[in-house]
Amino acid sequence: MFDRYLKSVVEGDYLNSEEAYLTARMLLHEDIPEIKAAAFLSALRTRKESQEELTGFVQALYEEAKMVDCGMEVLDTCGTGGDGLGTFNISTASALVVASCGVAVAKHGNRAVTGKVGSADVLEALGVEVQLEPDEARQLLDKAGITFLFAPHYHPILKQVGGLRRGLGIATIFNFMGPLLNPCRPSYQVLGISDSNLQEAVAGTLQRLGRKRALVVHAFNGMDEISPEGKTRVFDVGEHGLEVFDIDPEELGIGGFSLDAIQGGDATASARLVIKVLQGEPGPYRDTVILNTAAALLTAGRAKNIQEGMQMAAEAIDAGKSMETLQKMISFSRDRILAC
């Protein structure tokens, strides 16, 4: 059966969600020759994955995942990564500010894949324990208003295709479906994507997964975040249907600097940058975090518009609430270690 699906994809045909689901199951559980599996994933990437295919793969992976009962509506800021622009870890800093504004956050993430650091690397450098069991993750959420869900821990089945993905050395459907697999099944999400051709498909998949509202963002400069330099295209999806609009930072009073001004570094350097933002240091890093936080607050219904969200984010940072949220996250996550 796999050969039939491989032939279809190579010839440019699309799989429906059931066929994609079955293919994912075969890749994860059957002894598919690596050359055929690589050919399938490469062909899928070449002609771009569809909403049906993403949905089928996500359904297969969710069946294998360790799920978390968060007990409340949560928001996630996990993106695909892979834009190659070297900016600091914006989504992690934004997640902390969002939580300090009173929105519960379940941050799904991983270590670095294509860049220098991932969200797990940065949080560890900040002193947060990232490898938490489901009940521990729930307790951290209850106590700090934010938790972290380390993707490999909740999706161990992906080890089955780890060698294949490393050998290919290119982004595959597994990269783009990662942010769709939060084991808390969040109600709200801001998802940055590195491939603009997949924005609509990912937005549609999020809608099928039951998100109340999600923003799928890709900047015109290639950034997989809301960019402070130039416009960002937004696919806004949820119970209201689908809307597409652009965010222009200049109209919001942000800009005048290039992406060179928000570069990251290794995990330690990135952690220092996050702390500077949370401590209220003015400049491009702060402006970028405030802009992305505002979009998350809009998504979760906490802010009526981006402008109001920016004001709320700035006030939370300046009042010390965002730094306090990080300190709680560090303390309560480390309490788990001391209790072991």
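The backbone N, Cα and C atoms fix where each Cβ goes, glycine too.
If you check Swiss-Prot, you get these features:
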BINDING   GLY79, 82-83, THR87, 89-92, 107-115, SER119  5-phospho-alpha-D-ribose 1-diphosphate binding site
BINDING   GLY79, ASN110  anthranilate 1 binding site
BINDING   SER91, GLU225  Mg(2+) 1 binding site
BINDING   ARG165  anthranilate 2 binding site
BINDING   ASP224, GLU225  Mg(2+) 2 binding site
Rounded to the nearest Å - Cα separation of the residue listed as 'anthranilate 2 binding site' and ARG111 (5-phospho-alpha-D-ribose 1-diphosphate binding site): 15
Shortest C-alpha distance to ASP224 (Mg(2+) 2 binding site) - which of the binding-site residues GLY79, SER91, ASN110: GLY79
Site with most surrounding Cβ atoms, counting all protein chains shown within 10 Å, from the binding-site residues HIS108, ARG111, ARG165: HIS108
Distance check against GLU225 (Mg(2+) 1 binding site) for the binding-site residues GLY79, HIS108, ASN110, keeping those with Cα within 10 Å: GLY79
Entry from the binding-site residues list THR87, SER91, ASN110 having the most other CB atoms no farther than 10 A: SER91
CB contacts for ASP224 (Mg(2+) 2 binding site) [other CB atoms within 10 A, all chains]: 26
Nonlocal residues around GLY79 (5-phospho-alpha-D-ribose 1-diphosphate binding site), in sequence order (Cβ under 8 Å, 6 or more apart): SER91, PRO179, VAL190, LEU191, GLY192, ILE193, SER194, ASP224, GLU225
Assigned element (helix, strand, coil) containing ARG165 (anthranilate 2 binding site), judged by DSSP: helix
ASN110 (anthranilate 1 binding site): secondary structure state under DSSP, collapsed to three categories: coil
Conformational class of ASP224 (Mg(2+) 2 binding site) under the three-state DSSP mapping: coil
